[in-house]
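Undergrad: This is the feature table in TrEMBL:
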- 43-292: domain 'G-protein coupled receptors family 1 profile' (DOMAIN)
- 27-51: transmembrane segment (TRANSMEM)
- 63-84: transmembrane segment (TRANSMEM)
- 104-122: transmembrane segment (TRANSMEM)
- 142-166: transmembrane segment (TRANSMEM)
- 204-228: transmembrane segment (TRANSMEM)
- 240-263: transmembrane segment (TRANSMEM)
- 275-294: transmembrane segment (TRANSMEM)
Amino acid sequence: ESNKSMNATRENGFVLLGLMNHPDLQLFLFIFFLLVYIIIMLGNMLIFIIVIADPSLHTPMYFFLKVLSFLDICYSSVTLPQMLVNFLSENKRISYTGCATQMFFLLFLGASECFLLAFMAYDRYVAICKPLRYMIIMNQKVCLSLTILSWFIGNLVSLLQTAWVFTLPFCGSNKINYFFCDIPPLLKLSCIDTSLYEMQLFTAAVLVIFTPFSLIIVSYSLIISNVLKMTSSEGRQKAFSTCSSHVLVVTLYYGSGSLIYLRPKSLNAQDSEKYLALVYTTITPMLNPIIYALRNKEVNGAIKRM
């Protein structure tokens with residue numbers, strides 16, 4: 001009987017129940033998240049195009065910003081279009097293969113961004129604390145190597161996690177109480193004991209979330225220590241303003257991820273998980289262009305020239 005149920009899941013796929021079951025709100029939610037998606041696309045595409053087009057922005061910092069914008073465009077496009085379709089559709093099904101593909105790209109892009117944000121913090125540390133050696137340390141080869149490394153780690157983590165999740169037998173309900181295919185809600189559909197897998201997931205999440213977050217904390221601590229030694233109060237204020245904005249976005253991104261992937265099973269409440277997932281799938285991709293680039297004088301100058 002369980003084999004029949006598993007085969008049915010593979011043939012029929014899953015049903016994404018979405019954010020909330022209020023038919024009256026579906027049109028409003030569609031319009032709201034469509035605007036959010038448009039803002040994410042326009043903001044990140046603007047940064048990506050400007051950094052490529054303007055020679056004055058061909059520096060390590062803007063190279064990483066360009067890569068971040070590209071990741072955010074792809075990351076949002078993995079979840080938001082499906083969610084928008086489901087707001088207006090009675091059929092909220094996603095195929096078994098489609099679910100696995102969505103999960104793979106979500107984890108790949110998410111883990112890559114975790115490490116890229118750490119490398120961006122290191123870049124700012126070198127720029128502020130070792131300005132005379134900045135272009136030597138953060139040369140083109142180093143920037144490219146760090147980007148490839150972040151993508152390699154993201155791909156490896158995603159491949160292992162997705163392969164492991166989709167070897168589990170799903171022989172109960174095929175309804176996912178979520179707006180995209182993610183690990184925690186899929187584990188709840190498995191009909192075997194998943195405690196060993198949850199322990200493995202916890203270990204992977206610690207490595208992917210806390211390792212880069214710790215590097216960011218160290219980088220910004222060294223930056224703040226260096227900034228406090230500045231004689232110019234204007235320079236200190238500017239540096240603190242930049243650092244606090246970056247730390248806010250980073251905390252939102254890593255914090256929401258931690259609360260979903262590192263919470264004990266007993267504390268898992270799926271409705272709160274869904275709203276936390278909105279933070280790293282929609283809020284941070286929308287804030288990144290504003291915090292990292294559009295408040296920047298050099299970028300604003302490049303926009304005016306363009």
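Backbone N, Cα and C define each Cβ position, glycine as well.
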Undergrad: Are there residues at least six beyond either end of the transmembrane segment (240-263) with Cβ under 8 Å to its Cβ atoms? List them, or say none.
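TA: Beyond its ends, the transmembrane segment (240-263) has Cβ neighbours at 110, 113-114, 117, 121, 124, 182-184, 201-202, 205-206, 209-210, 212-213, 216, 220, 223-224, 227, 273, 276-277, 279-280, 283-284, 287-288, 291-292, 295.
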Undergrad: Of the stretches 27-51, 63-84, 104-122, 142-166, 275-294, which racks up the most C-beta pairs under 8 Å with the transmembrane segment (204-228)?
TA: 104-122
Undergrad: As a test of reading the model: what is the averaged pLDDT for the domain 'G-protein coupled receptors family 1 profile' (43-292)?
TA: 86
Undergrad: With a Cβ cut-off under 8 Å, give me the same-chain residues at least six positions beyond the ends of the transmembrane segment (142-166) that come close to it.
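TA: Sequence-distant neighbours of the transmembrane segment (142-166): 60, 63-64, 67, 100, 103-116, 119, 123, 183, 186-187, 197, 200-201, 204, 208.
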Undergrad: The transmembrane segment (63-84): which same-chain residues, six or more beyond its ends, come within Cβ distance under 8 Å?
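TA: For the transmembrane segment (63-84), the list is 16, 18-19, 30, 33-34, 36-37, 40-41, 44-45, 47-48, 51-52, 94, 102, 105-106, 109-110, 112-113, 116-117, 119-120, 123, 140, 143, 147, 179-180, 281-282, 284-285, 288-289, 292-293.
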